[in-house]
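Peer 1: Residues or ranges marked as compositional bias 'Basic and acidic residues' by TrEMBL: 551-560. Residues or ranges marked as compositional bias 'Low complexity' by TrEMBL: 561-580. The compositional bias 'Basic residues' annotation in TrEMBL covers 581-591. As annotated by TrEMBL, region 'Disordered' applies to 551-591. For 56-89, 168-201, 202-235, 376-409, 524-557, the entry in TrEMBL reads repeat 'TPR'. The signal peptide annotation in TrEMBL covers 1-24.
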Amino acid sequence: MKFQKKALLTVVAAGMLGTLQAVAQDAQSGVKDLEAGRYNKAIQTFQGLATSAPSADNYFYLGYAQLKAGDPDAAKQAFEKGVAADPKNQLNNVGLGAVALAKKDGATAKTIINNALKETKNKNMDVLLRAGEAYTMFRKPEEGINDPAEAIRILTIADERDKKNENAEIEMALGDAYTLKNDGGNAVTKYENALAIRPNNAEAKYKIGNTFLRAKNYPQAQKFYEEAIAADPDFAPTYEDLAEAFFGSRAYKNASKNMDLYIQKSQTTNVDKLLRSAQFDFLAGDNERAIQKLDQLKGKVNTPVIQRIYGWAYSGAGKYNESIEALNNFIQTAPDRVIPDDYKYLGRAYAQLGTPEGDSLAIVNLEKAAPMDSTENVYREIGKLLYSGKKYDQAIGAWKKAILMDTSKATTNDYFQLGMSNYLQASRIGRDSTLMMNGDTAAIRQAKENYYTAADSAFLKVNQITPDWSPGYYFRASANYFSDTKGAMNTGEPVPLYEKYLEVADKEIAADAAKKEANKRYMMTAYKFLSSYYANKNDAEKSREYLSKAAELDPNDKDVQNALNPPAQQPAATKPASKPAAKKPAGKATK
């Protein structure tokens, strides 16, 4: 955004002869600050100029800076004074049209701007340029409305009047309009035209970067932003959008660093920018720094969003009660501004309380976040909480949703946790007082079989995704066994799975001896089952082979040792001889 030299001369001419040089220097300084995004500093400069040399142009620059700083009410006052200072100068009327756009009053804006163009008969290049620029000034809905088609219509008139093709600002403004239309190709062409007119133009490079940022091509955006910084390290807006590009690519430390540079170079006091900086600190893991920034803003801002960032940062800093209080306050105060992350961090804070009530509220809030969160699969957190709380049936539902949310990216752990939830739920059927099925043994048997079958399917996916990970085979074998313990000895369905488990476990132990102890319990179970199975099939040699391996793994297992070396049978005890019957005493008569 380069302002025309002609306008600067008007500013200079407005000063008294004795102060001409000082006014000119101030005007140049103010314009430089305005172009570099240092709006507060530019406002101070033009406020001084508007007081010492009250001209239409000085009021226009003042209003323009105030509008860019997000203060349309102050800008309106400046533009109105500019109109009063010189009713024929239509720049301030264009400024009033821009104020109407900031206030989302498109009809009024169009009437004012069209009238300014009519008064100048579409011949004043400054008016044409600022009119087109007004329709592209507000990129975000919360800032105001835009009309890129109307901007292109007006700027095309200006471009046609630029016979020598010397005005880079027209090309820049056209690029802005095409950017808003999501026409990145034409936007880049216009910015490149501006670079052809004025090589090494930092703003043009920056705006090419913006087209890539809008397209979420973060590496290319970063490339052009770096070129813009090389061309002009003091052009502040570049640092803000470079921070956003790093945010988009989840390079949060770089986002935090560049947002700090933006605040430093722009000298902004804009609350939204300062809050964004604190948010980046939080995402970068510097929670205490984020909290310090928020503490500095406390009492100076009137926005509930500060409670949101406090809540996030407190959660990250381990101050869970403070996090819960801040986020609940935010959700209650600004329900229309709540986003998934608010529920997510609130849920995480509750989960850290270590109480049943905390766990319950954690799940409630995480379940609100999960369907809307496009950056993280929150169902995984829900599944872990439910699993750790032994609510296996509910955990099954959470892990199913975690997998369905993005099946192509479902992990070994997703399927393993789904399998374990089914496996452990099956073990509770008929044992847990709430899962007694009214004592119906057939219903209990069927329910168990259903859960074990579901576990088997999940563990099969584990085997397919990670074929060299032993636990998947062990628990699939166990699910097959417990699904029908009597039938398993006849059909042998778990046999190849236990054998595969032992094969993979042996490879894991060969690669890392420390895994022997971790696998010991499971390997002993597999050896014992296989030994029993082959004994049941009258294959004594095979049965003894697995018993021997079990004995080698755990020489202290009494069951194994007794099976290998049954204790010698003791001879039957000899019964004592029967005593002879006692003789009756002689000499007594029998009755």
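A Cβ is built for glycine as well, from the same backbone N, Cα and C atoms used for every other residue.
TrEMBL entries are annotated by machine, without manual review.
Since the structure is predicted, the reported quantities are computational estimates derived from the model, not experimental observations.
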Peer 1: Can you check how the pLDDT averages out over the repeat 'TPR' (168-201)?
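Peer 2: It averages 95.
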Peer 1: By DSSP assignment, list the helix, strand and coil residue numbers for the repeat 'TPR' (56-89), in that order.
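Peer 2: DSSP composition of the repeat 'TPR' (56-89): 27 helix, 0 strand, 7 coil.
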Peer 1: When DSSP states are grouped into helix, strand and coil, how many residues of the repeat 'TPR' (376-409) land in each?
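Peer 2: So the repeat 'TPR' (376-409) is made up of 28 helix, 0 strand, 6 coil.
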